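> The following block contains the structure, expressed as structure tokens.
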Amino acid sequence: MIRSVAIVALMTGCAIATLDVRPASALTLMDFIRGGRERTRERAYPAQPMPGYDMMAPQRLEDRAATRPPRVSSPRYYTYKPEQMRRIATDRLVDPVVTGSVQSYGFPPMLRIPLADARQFLPQVEVRAPADVAKAVEAFYGGRADFVWIDGNGANARARSALAVLADAAKIGLDPDDYAVAVPADDFDRADMVAREKDLVRFEIAMSAAVLTYVQDTVRGRIDPNKISGYHDFKRKSVDLVAFLDKAATSADVAALIEERNPKSPQFLALKQELERLRAETDAAPRVEIAPGTLLKPGDNNPELANIVAGIKLKASEALKAEHAVVLAGYQGTPEYTPELVSLVEAFQKEHGLKADGVVGQASIRVLTGGDTTASKIDKLEIAMEQARWLPNDLGNRYVFINQPAFMAYYTDHGAEQFSMRVVVGSKANQTYFFHDEIQTVEVNPYWGVPQSIIVNEMLPKLRSDPSYLDRMGYQVEVGGRVVPSYAVDWYGSTNSVAVRQPPSSDNALGELKILFPNSHAIYMHDTPSKSFFKRDQRALSHGCVRLAEPRRMAAAVLGVSMDDVGNEIAQGRNRALPVPQKVPVYVSYFTAWPNKDGKVEYFNDVYERDMYMDRAFEATRKARQPAEG
């Protein structure tokens, strides 16, 4: 039995705004499980109110007609504040000679003798690190006599092995400068051994801080996603840094130990391989430039048509160019978008998986111009690798993966993608969140509990001018749990106690079914009567939930039944909640670069401009970790 309040909220509607109000539907979870609340046969509706008055708040309505309706705000994006660096409190480290708390790592005595008094210089060490790292370094060195990264000759082999890994951090999408450590020179003044020991002790502490920062970054990412925006919802991974340093102190292959912590999912490895490939090439390939914002429709006259045709010549297959050779050869660079050129464009669009309507917009231009430059692809890859660290390292053998910029959902079972389908996600004003959860229920013939954000932002202005609007549209209205007609509600007062829901029907906003995965954002997958939206290339059109092009197929997959079984449940016409036999992970993600089932990385438009905020977070983190000198 699901008991959380968040689950009930999820079942009521697809809400983007977070508001401390009662759920938008008075339907309880038990109502869903029992097949929906029985309708009351006799309802005591209030009498028709007098003209210009409201039954629940008898004030002159015209006196409030000019009142501006309230708004429920959406989550916002933040100015990223990186984790602040702090000084490692080396002056607080316990002297093992005094306490007798000594742990030896088995270094030969001859290597420890020159450093016997080196610990006395620890209080003078000035090394800054992220708070978690600083705390771990302090815990590790408290009460330990031996060092990990130095010996009587300077930086030891273990240190040099680890430094090589840190210097190669860029290959996994990290910034090597975040882990740079100055190595004490082999050429030093042997008459000043005190200065030498000070340098070595500082290197020891700095090296431990750098290694632990790298390990924490590669496991959970440099960026805290929850500081990016209110649309990000992740529990950050924890890393036992002290335990790792314990292992590093005795490891025979510290490089392998460090690299073990790098993500190893097939998706991450594909991103890594693509990053390596792109860094080895240049932007030497010819490109066609088309003016930003160009929109060309059949019958238009547009000077950009010449660039569009040039792009087709560059990007189309030889077969397509041969089929339309006469048109291509006869085109003289004129701006008239003739029927012959429309047919050429439609063929090009079809060849590249675009909507073949002859309309040249953002999606077609992206293909014609070659999409992203190498530099922008690298940026997308580095962002994708960072975001991949927010997800489990192993997505599982069975899961649903939704990628919002791709406008696609993918179902994986037995470790292989079984099918994919088009989806509609939230508009830029009503963005879909970035999080992961588990699918628990499929509800057929669903009620749609209208979320408060839609009641307030979209319905309220209509209701103030036409209080019977919801009655005519077939919606059910409750105030404090009591069914009332729409016209009897004071739409100038608070709507917190008002619940609006749409009964199951062919016109229901959720269509035949919805697939629920309890979360605090009231996001779920569902059917829709607006099938035409799936024909569009740009499908950021919903209020935040994920609309499925093939909802029965997805429902059958997560329930482990046939599509006919799902159809039979729907045909009964009853509102019913069907629990999935085994919870299915669902990743509601946002990647502008992501590999397909064959491992080939695909690139997508940044529909919500979230990559921009990631770049800003990277820059803020860089400045915090690498303060300018001078």
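Placement of Cβ uses the backbone N, Cα and C atoms for every residue, glycine included.
From TrEMBL, here are the annotated features:
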type	residues	note
ACT_SITE	His526	active site, proton donor/acceptor
ACT_SITE	Cys545	active site, nucleophile
DOMAIN	398-566	domain 'L,D-TPase catalytic'
> Could you measure between the residue listed as 'active site, proton donor/acceptor' and Cys545 (active site, nucleophile) for me? Cα positions, answer in whole angstrom.
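Answer for this pair: 8 Å between alpha carbons.
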> Should Cys545 (active site, nucleophile) be counted as helix, strand, or coil on the basis of DSSP?
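SS state of Cys545 (active site, nucleophile) = coil.
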> Per residue, counting other C-beta atoms within 10 angstroms of the C-beta, which of the active-site residues His526, Cys545 reaches the highest number?
Cys545
> Looking only at the domain 'L,D-TPase catalytic' (398-566), what is the mean pLDDT?
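It averages 94.
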> What kind of secondary structure is His526 (active site, proton donor/acceptor) part of, going by DSSP in three states?
strand
